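Here is the structure we will look at.
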Amino acid sequence: MTNFLAILIQALGPGAMLGLLALGLVLVYRSTGVLNLAHGAQAALGGYIYWDLSSNAGLPGLLALLIAVLASGVVGVLIQVLVMRPLRGAAPLTLLIGSIGVLIVIQTGLLLRYGSTPRSAQSVLPNGLIEIFDGQSVGIDRLLLLVIGIVVAAGLWALYSFSLFGSTTSAVAENPVAAATLGHASDRIAVGNWFLGGALAGLAGGLLAPISGLDLVTMNGLIVPALGAALAGGLISFPLTIVGALIIQIAQSISTSYIDFRGVGAASTFVIVVAMLLLRGESIPDRGYVGSRMPTLGTGVLSWRWMTFWAVVAGAIIWVLRPAAWTDAILTSMLIAIVMLSIVVITGYAGQVSLAQFGLAGCGAVFATELTSRADVPFLLVLLIAAVCTVPIGVVLALGAMRMRGASLAVITLAFNVVLFATAFSDGDVKSIPSPTIFGVDFGSLVYPERYLSLVIVVFILLGIAVANLRRSSTGRRLVAVRGNERAAAAIGIRVGRTKAIAFGVASAIAAVGGVLFAFRSPAVTYTSFGSLASIDQLAWTVVGGLGYVAGPLIGMVFATGGVGTQLADVVYDDQFTWLPMIGGLALIVTMVANQDGLSSVIAGQVAHVRALLSRVLPFLRERPAAAAGGAARVRRTAPTPVTGAPAPSRRREGVSSLRLEDVSVSFGGVKAMQHVSLEVTPGTVHGLIGPNGAGKSTLLDVVSGFVPSHTGTVHLGDRRIDRMPVWKRAHEGIGRSFQSLELFPDLTVRDNLRVAAEAGRSDNVLRDLVFPRRTELNVAALDAVRFLQLEDELDQRIDSLSYGRRRIVAIARTLASDADVIMLDEPASGLDEVERQELSAAVRAMADVHGRAVLLIEHDVDLVMATSDVVTALDFGTVIASGAPAHVRSHPEVIASYLGAVSDEEAVIAVTHKTQEV
Ligand code: ADP
Ligand code: MG
């Protein structure tokens, strides 16, 4: 017991330092929205500066520490000014990847300067032991660290609670929109916070270096527990962050002392971080969530001509020229490229940042060696088994993704890779693996390097085709829909969690194939290369190459150490070239700042441009389709297909049910958004819902579609009670809705936005989609919507190329295309011109009259509602104030009063009409 206490007290000091590190993360995140993955590297930088000044230059310890802290602060400012400021307003994913660029640059900078041998630094704190009770003692320095941690945390708390700087930071943190409008002021706030964040990292690094030893792996490893602590505080709260850090450190110390299991410290950190995140996570972002732009995706249309061309070129190089050094370099690069294909699926298509892909590849390698060491399993079967066995591991990761997104997910996956590294891969022994043979032919790369390389290239091509197929398939559309807008995806019936699990599963299998091929490359296998830093690097290179393109990995693979880039540098330099990782990091930063879509997209654009120029001079080029990036996924727009042709069959149609709300109440804190509302929408009718702003109309839609739970009452669809079902289930039951804020899928074309809505109710078959993606046409409901809303000409345009008004139309069409029994439209007419309003009215009427659906129409335009609806309900302050025939509601005194305050009825009606015309 006393021993236990001693361990606990011993852990408090380092825990406090971890807390400081975490506070730096929180400061930066609060003020700029950047989850700074480079923070651990910044701490390492502080540690090295301190060591260099105190141990090498002989400066007094305290002075060295002070300089290290200030220098780290300045580096923080540089990061803000050079990298983060140009990225202001970008998607969280983009900012996170920007910080990865910084991480790589600092990391390789330190490696180039100080090498990888661990250093030991002298502590500025006095050493010696203090007895605390019955012969148990702790180091004085540990207690002092705790004191320092508490003092600094208290100082920060005071700074942020009482100073103008602190209150402005809070304002910026709580209202990102205000931050955007503040402009320069928010820049200064960001600079201040980045300085403080950097200084905290430097302080923690300088103080921890003597305790934990100074080496890059250890220091960088601190980022995971520090991120865990920061997330425990919700990236907002200072005290909770410190508490989280202490808990993590204590758990780590206790588990390593009591459990004899390799990597148990990392594992316990992981478990605690996951537990904290799961307690905090939200499964669907709430209404305030604004999706930001993400890297462009290729179309997934394969160019067989280009593929054949490159395959022939590659074959000629390998088999005719037989350059030994190049064969080896290309092999290294191609193996990494296969793992990067998995990043295209998970991060490019599905938008989930995974920093564990190389770890998953490592799992594949482990399965391969374990299998072959136990039984004589043929190579191809090993490949298959390893891929299949890695899928569940990826799916477990996806379970995390279901409750969290973006930054938290990146942390979880990173932590997962760290755990794998500390446990399954930590065994430094060399394992042996037999030579790969296929149908008796030996592909062993020692004897037949050309054969093995050709095999790897063929595997890459096959997987590349599968990944491109996925992009064009219904599963792929779902992935892209989830990436673009989880709320809207759920509302049309996509099971968001399952979709993410599918993406993780496919990506894991691809990564595992890469890992198996890594393992078979040489008869002697070690697992230690499958570290988390490699996973981070590979994400970086994929982004540089183009996250959304199958060609992305082919470009990104150049940066792999020992690969094509290294070989190229060797040819040019003749000397060992160690700067390649640095170039990779800088390339990532430049990519993020200049063109986030990556080089594939740039090349595609350039090739199209050159071709357009040439075709003016050379007429024979004119008729052929515009060529784009080399490789499998060049960008080509498919010729617009007409909307005629055999439509896909409609889903259920007979027996449309009516929607019934009974006694539904909702409150948000003190706001009573809905009070005892009852309402019925019957098939074949349009039910108008009017009321002033804040009356609770959108809340009613949220209750019916499942985004907001009701406190009392029931919601029925026909005789089925739906108010306890998840969002997607209600969509399958037949509830369709539009959103006031549109919530389209920005990366999909209009056609695909409609298609994804029409397909959402069908079961998915991923394997078929990887091999043979089926073309589905628009269903009857979608075709009708397209016809009524005159969308024929825009079907093949991407959403972000449309005007706001047209996007509104698409949002309506998507709701109609979902083929739901009940269609709920939230202020569809706002922002539409008169002609479009007429079209809208006709389309809505047709939904009820021709298709017999139940339509609930929320609208501010009273004329439109009255002209279109069969029944109108008026809400005010969450209560139904009138319901009945349009004419009845229009002349109802309370309705008039709620729109205008008490005036004479006639004036009110006139005013209502005028008011709505202004909107
Ligand atoms: P309407 O669509 O009729 O304009 P809403 O349904 O959007 O009105 O809002 C009704 C009331 O509920 C408003 O007072 C609004 O501020 C409040 N409200 C809506 N959503 C939330 C939420 N997520 N959290 C807190 N209050 C909310
Ligand atoms: Mg509303």
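For all residues, glycine too, the Cβ spot is worked out from N, Cα and C.
The transmembrane segment annotation in TrEMBL covers 6-27, 90-112, 143-160, 191-211, 223-247, 304-322, 329-350, 379-399, 452-470, 501-520, 540-565, 577-594 (among others). Under the heading region 'Disordered', TrEMBL lists 631-657. If you look up TrEMBL, you'll see 631-649 marked as compositional bias 'Low complexity'. Sequence annotations record features per position, and here TrEMBL assigns domain 'ABC transporter' to 659-902.
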Listed stretch, out of 143-160, 223-247, 452-470, 540-565, that has the most CB pairs under 8 angstroms to the transmembrane segment (6-27): 223-247
Segment confidence, the domain 'ABC transporter' (659-902), expressed as mean pLDDT: 89
The transmembrane segment (501-520) vs the transmembrane segment (452-470): 3 or more CB pairs under 8 Å: yes
Candidates 90-112, 329-350, 452-470, 540-565, 577-594; stretch with most C-beta pairs under 8 Å toward the transmembrane segment (304-322): 452-470
Contact set, same chain, for the transmembrane segment (223-247): CB under 8 Å, 6 or more residues outside the stretch: 11-12, 15-16, 18-19, 21-23, 25-26, 29-30, 35, 37, 39-41, 149, 153, 156-157, 160, 173, 266, 269-270, 272-273, 276-277, 280, 407-408, 411, 414-415, 418
Residue numbers, six or more beyond the limits of the transmembrane segment (577-594), whose CB comes under 8 Å of its CB atoms: 82-83, 86-87, 90, 94, 97-98, 100-105, 107-109, 111-112, 537, 540-541, 543-544, 559, 561, 565-566, 569-570
Range from 191-211, 329-350, 379-399, 452-470, 540-565 with most C-beta pairs under 8 A to the transmembrane segment (90-112): 540-565
